[in-house]
Amino acid sequence: MTDLKFTDLVEPVVIDKKTALRVTVLGGGSFGTAMANLATRNGCNTMIWIRDQKMADEINQTHFNQRYLPDFNLEPELKAVSDLELAVRDRDIIFVAIPSHSFREVVKQISPYITAQAIVSLTKGIEANTFSFMSDIIREELPEVPYGVLSGPNLAKEIVAGMPSGTVIASDSELVRYAVQHALHSALFRVFGSDDVHGVELGGALKNIYAIAMGMAAAYNIGENTKSMIITRALAEMSRFAVKLGANPLTFLGLSGVGDLFATCNSPLSRNYQIGYALGSGKTLDQAIKALGQTAEGINTIVQVRTRAIELDVYMPITNALYEVIFEGAPPLNIALALMKNGHRSDVEFVLPHHQV
């Protein structure tokens, strides 16, 4: 076994060969920290905004995020701040890595300080009650601001560890896509572009549902056949739902769709997978969330998507079975049983029109 790492095989970024973009990440969770660290490593003048002054001071002094990424040394040039105006005024890109339930509140708070900055969501969720995507919230609260969303198979610990990864920046603005690629693209982190904002955003939000399902099923030691069936039928559900909302189904064949789905459904590092595994092991929802200690967007997404799927008459048996297990006390094995019930005959439904039986 060799001790050679991927980071040993690539040349470090030569800072003076890059234009130093001024980048801020709002939110000091695991993914926000990973993106801030990556931008810093790429030569950007980077700040990370954290509500807790004590936590910000600790990051500046120790170069560790002890709460969310305690095993990884952060770039010493990364500056943590708790002053929101300082964090966003006169910056080039603002990445927002705030949980969906607080996303609108924070975007409202920064609005007085926003001029020409690009706002990019890192949040994979849907706002409760309104069914608004994070891009919708940005458009509503900051109507004149260029915006985008970043999504893909991006487990924070792997990114910070320097393992090769890829993501998608979706925006209607070519300038936003280019700026984000400039800030984050490196030899170990590829940033692909897309103009299907809602498609990319939906992939990131919906896959959290199926990560919970996979974690729950894994607690029962299911076989590889069942795992494969869950993932592929999950992709069918995602694309069915997305098409109803106007997204391009082909987006779901990329990194932000099947890529993110595969990574999240197969990794114990995934927060939503951990929640599902805990539920499948007999814990209550409150116990599972408390043990995780972080936000798992999938729980809220299940509620929002099930409600909208009923309104739109979209066939989503896995999502419906999950809702019944988590909120109505049905046995977790109902997830697997839901896949075996009569439904759509066709496999790839946006290629072959489906028929119900």
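Including glycine, each Cβ sits where the backbone N, Cα and C put it.
Here is what Swiss-Prot records for this protein:
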- K207: active site, proton acceptor (ACT_SITE)
- S30, F31, R51, K124, A156, R271, E297: NADPH binding site (BINDING)
- K124, G152, K207, D260, S270, R271, N272: sn-glycerol 3-phosphate binding site (BINDING)
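Feature map: Swiss-Prot annotations on the structure.
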residue : record                               : DSSP (3 states)
S30     : NADPH binding site                   : helix
R51     : NADPH binding site                   : coil
K124    : NADPH binding site                   : coil
G152    : sn-glycerol 3-phosphate binding site : coil
K207    : active site, proton acceptor         : helix
D260    : sn-glycerol 3-phosphate binding site : helix
R271    : NADPH binding site                   : helix
E297    : NADPH binding site                   : coil
Pairwise CA distance, R51 (NADPH binding site) versus S270 (sn-glycerol 3-phosphate binding site), rounded so that it is a whole Å: 24
Shell of the sn-glycerol 3-phosphate site beyond K124, G152, K207, D260, S270, R271, N272, same chain only (C-beta within 8 angstroms of their C-beta centre): P153, N154, G204, N208, A211, A263, T264, E297, G298
Spatial separation of K207 (active site, proton acceptor) from K124 (NADPH binding site) - C-alpha basis, Å: 9
10 Å Cα neighbourhood of N272 (sn-glycerol 3-phosphate binding site): matching binding-site residues from S30, A156, E297: E297
Most Cβ neighbours inside 10 Å, all chains, among the binding-site residues D260, E297: D260
Residue among recorded positions K207, R271, E297 with Cα closest to the Cα of D260 (sn-glycerol 3-phosphate binding site): K207
Binding-site residues compared (S30, S270, N272) - highest count of Cβ atoms within 10 Å: N272
Least surrounded among the binding-site residues, given as F31, R51, when other CB atoms within 10 Å are counted: R51
Span of S30, F31, R51, K124, A156, R271, E297 around NADPH - largest C-alpha separation, Å: 22
Inter-residue Cα distance where the pair is S270 (sn-glycerol 3-phosphate binding site) and F31 (NADPH binding site), in Å: 11
Euclidean distance between Cα atoms of the residue listed as 'active site, proton acceptor' and A156 (NADPH binding site), Å: 16
